[in-house]
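Inspection log for the structure reproduced underneath, given as structure tokens.
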Ligand code: 7RM
């Protein structure tokens, strides 16, 4: 396989410009972790320094960083840059769904808006520790709302704007949010009236904790406003005071909750705290995107996901970056949109998902070739394994062979990037996330938990020690935090991913080893989808697996058994799809549904998903061992009737 060395220009300007320097700092970070993280923590402005760098016990899932320290995340992202004289510098560039819509906020303007919003929240009775749910599309007010919560010490819970009312309701109730922030309707691609407020109205019928809904006017479409409960954002800001001092938060005070799908039906409220998260996101953003002042940095993720939290808002803004936010989609008005935006704003650092690259690559080189992409210096990917074809396309057609690609592996739970190349350092191999970031000790374990030493091994990916950005608990359920991440391999953090280490010690993520399917970079729990399908009155049982899809990475294949006496009709199929879209969201709807008389189960009643995965992927020659099935005969009809 061909390897790609960082070019000399990147090396020369990079914060770290050689593998020797990386190794030196890596070894320092491993041998003297407390010194290393104390040094990195200097990026953050603390109101009070810590008493202790770290304390941890993976056997109890207890982790603290910078205990005793005081800081405010919003102050670090906004105020201190104004105080340092950079108020007139651009903080946020917003590119609307329609190409003629752009808004810029400098740090002065951002500070002004954030303070007004923070006071508007206070006027609604929101205080330190209260939870605020944010359900919006990618408009600037979303970033402002997040920062305003951080400013007053309210814990934000951003719910991705494509989620259906039921999912929103479950997330609000789990953390008992007091206020919901949304917008009238949303604009995305050809959709110009996404019913945000009316979805919110449906959700809050069953969320007793919500006292008020704050509504941003994005489109002006008519919506219902409930007297005494619903407040227009612009009115609330107009009657707010201009000044709002940032709350002094403990390093271990919660900053936000973000829900992620698990292998049981109920989503997990991943909780991140303040000090460690800020140190980790700013440090990783600095080194991995090799960020230098005034560079234009664009991460295309949605703020509804962790990538948007860590690498649109907190990391870049702590580093005083010019960070971009995009409301639209890569194929609207046409397949050149990303490249048009890069030319228009002279983007230097570009971070996107393999699924987007696959979709764009398929449309041919003519789209990127229409635009001047010379401003690009570094390209990043995240969310799923990137395969060689799209890696090469990214490298050759987008980066013109001069931009290092950082394939960054991490998770909602990790808060920031753990395995990644550094642009001025790492010789890359297409498809490998390469080497650990500073302070990170990845381990590959066999199923019994034995550490696989040396190179050319494959196993379960775990971390030997904590890092400052890792999650601290599952909101309201510390036992679940322990069981999900620390129980299977005692004393380690288990990621749920499989991984191999090659002859050069490079890491290659092989995908999830649990019941999570990643579709277009979105984590979906099989249990959640099965629960939704199972809610259909004709359905007796459903099992859902992923199968490879050329654009989405994986697509969803549902095996469904109907109740006796219920007939398979085209309506059943469409109703099932409708139900999943309504319960979870369109991104979770099954691409294929196979009705079957029975599912392959062990004698203890566990569905053997491995067999279903093989059938769904058309790997029927080697289904694996089927001898432990209660009734092996179901397999042949499943194979014959596969779609
Ligand atoms: C940041 C994010 C996490 C899961 C993770 C992996 C997969 C993420 C990569 C990747 C291969 C990568 N958070 N994943 N990055 N697989 N190479 N560079 O995506 O919580 O939504 O998903 O995504 O399976 O466990 S996430």
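From the backbone N, Cα and C atoms, a Cβ is placed for every residue, glycine too.
Quantities reported herein were computed from a predicted structural model and do not represent experimental measurements.
The domain 'Acetyl-coenzyme A synthetase N-terminal' annotation in TrEMBL covers 22-77.
Residues belonging to the domain 'AMP-dependent synthetase/ligase' (84-473) score a mean pLDDT of 96 in the model. Annotation comment: TrEMBL describes 84-473 as domain 'AMP-dependent synthetase/ligase'.
Cβ-based neighbour count (10 Å, all protein chains) for residue 307 (CoA binding site) stands at 25. Secondary structure at residue 307 (CoA binding site), taken from DSSP and collapsed to helix, strand or coil, is helix. The CoA binding site annotation in TrEMBL covers 307, 331, 520, 581.
What TrEMBL records for 383, 384, 385, 407, 408, 409, 410, 411, 412, 497, 512 is ATP binding site. In sequence order, 258, 260, 270, 305, 306, 471, 523 are the residues of the chain that are 6 or more apart from residue 412 (ATP binding site) and have a CB within less than 8 Å of its CB.
Marked as domain 'AMP-binding enzyme C-terminal' by TrEMBL: 528-606.
Residues or ranges marked as N6-acetyllysine in TrEMBL: 606.
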Sequence-ordered binding-site residues from 385, 410, 412, 520 with Cβ under 6 Å of an atom of ligand 1: 385, 410, 412
Per DSSP, three-state class assigned to residue 512 (ATP binding site): strand
For the domain 'AMP-binding enzyme C-terminal' (528-606), residues assigned helix / strand / coil by DSSP: 24 helix, 27 strand, 28 coil
Listed binding-site residues (331, 408, 520), ranked by Cβ neighbours within 10 Å, top entry: 408
Cβ-Cβ neighbours of residue 581 (CoA binding site) (radius 10 Å): 16
Among 383, 385, 410, the one of these binding-site residues whose Cβ has the fewest neighbouring Cβ atoms within 10 Å: 385
Maximal Cα-Cα distance (Å) across residues annotated as binding CoA, namely 307, 331, 520, 581: 24
The domain 'Acetyl-coenzyme A synthetase N-terminal' (22-77) - residue tally per DSSP class, helix then strand then coil: 26 helix, 15 strand, 15 coil
Mapped DSSP class for residue 520 (CoA binding site), helix or strand or coil: coil
